[in-house]
Amino acid sequence: MRIRFSKMHGLGNDFVVIDGISQTVRLTPEKIRKLADRHFGVGCDQVLLVEIPEQPNVDFRYRIFNCDGSEVENCGNGARCFAVFVRERRLTGKRVIRVETAGGIIELRVQDDEQVSVDMGVPRLLPEKIPFVADQQAVTYPLDVAGQVCSISAVSMGNPHAVMLVDDVKSAPVGQLGPLVENHPRFPARVNAGFLQVVSRDEINLRVYERGAGETLACGTGACAAVVTGRLRGLLNDTVKVNLPGGSLRISWPGEGHSVIMTGPAVTVFHGQIKL
């Protein structure tokens, strides 16, 4: 089976994007791992699949697969690439695109400067909705990680995030703590681990160890979760510049009960075909 695809990235968080509407695509975990392999495949952090939606009043179904073959609920950087892809492939001419994900419906807006704003939905803070094992909802929770107690905030942006404050992201133990937090038993669906440094009320630095992918150059949902965390802790204003290793995003969140809006770039690197 030969599959047409586009290689894209959002701030270095890179994707293989596949049109599953105009061609027949049957992905298995093994095929996804082959696609994502940087030595024997195309190479990417995640594989994104465009499908016909199952719900009414929605334009597309948006599916996300990690490089280990697991399917996840949402990906913010991927959502921006998704919006650019469906327009480039002429699957739609709309600038406002509604898509269904495993984490819910999100709205994508392609701006005149080709930056893409994504309505990431209302963050979920109830532990059972994340999911996270806790007796009651709180802004911060103590988490025992290999005998060390870390203070984290737990947020779902359609996928689960644990965010901890650090003095300096450059020296943060992302590679050591990241996989331990990701697989912590209090997160039954595993979790993305964010390491947040507050620069000012309008700016933060962030590194994210992604569930099933490891540390990436950028994580859109992680940026949203970090701003939500900072806002709940009283550290940030409602619009924040988030600096990630691959570049910067703008995240806006008025507060509880409101959607998080993420704005940033999406770039097509090349188009290709691969036999799977």
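We number each residue from 1, going along the chain as drawn.
Cβ coordinates are placed from backbone N, Cα and C, and glycine is handled just like the others.
Secondary structure from DSSP puts Cys75 (active site, proton donor) in coil. According to Swiss-Prot, the active site, proton donor annotation covers Cys75.
Per Swiss-Prot, the feature active site, proton acceptor maps to Cys219. Look at Cys219 (active site, proton acceptor): DSSP puts it in coil.
A strand conformation is recorded for Asn66 (substrate binding site) in the three-state DSSP classification. Swiss-Prot lists Asn13, Gln46, Asn66, Gly76, Asn77, Asn159, Asn192, Glu210, Arg211, Gly220, Thr221 with the feature substrate binding site.
Counting every protein chain shown, the Cβ of Phe270 (site 'Important for dimerization') has 9 other Cβ atoms within 10 Å. The feature site 'Important for dimerization' is assigned by Swiss-Prot to Phe270.
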Pairwise Cα distance for Asn192 (substrate binding site)/Cys219 (active site, proton acceptor) [Å, integer]: 9
Substrate site, defined by Asn13, Gln46, Asn66, Gly76, Asn77, Asn159, Asn192, Glu210, Arg211, Gly220, Thr221: further same-chain residues with Cβ within 8 Å of the Cβ centre: Asp45, Ile64, Val72, Asn74, Cys75, Gly78, Val208, Ala213, Thr216, Cys219, Gly222
Pairwise CA distance, Phe270 (site 'Important for dimerization') versus Asn13 (substrate binding site), rounded so that it is a whole Å: 15
Distant-in-sequence Cβ neighbours of Cys75 (active site, proton donor), under 8 Å, six or more positions away: Gln46, Leu48, Ile64, Asn159, Gly220, Thr221
Between Cys219 (active site, proton acceptor) and Asn77 (substrate binding site): CA-CA distance (Å): 6
Asn13 (substrate binding site) - helix vs strand vs coil (DSSP): strand
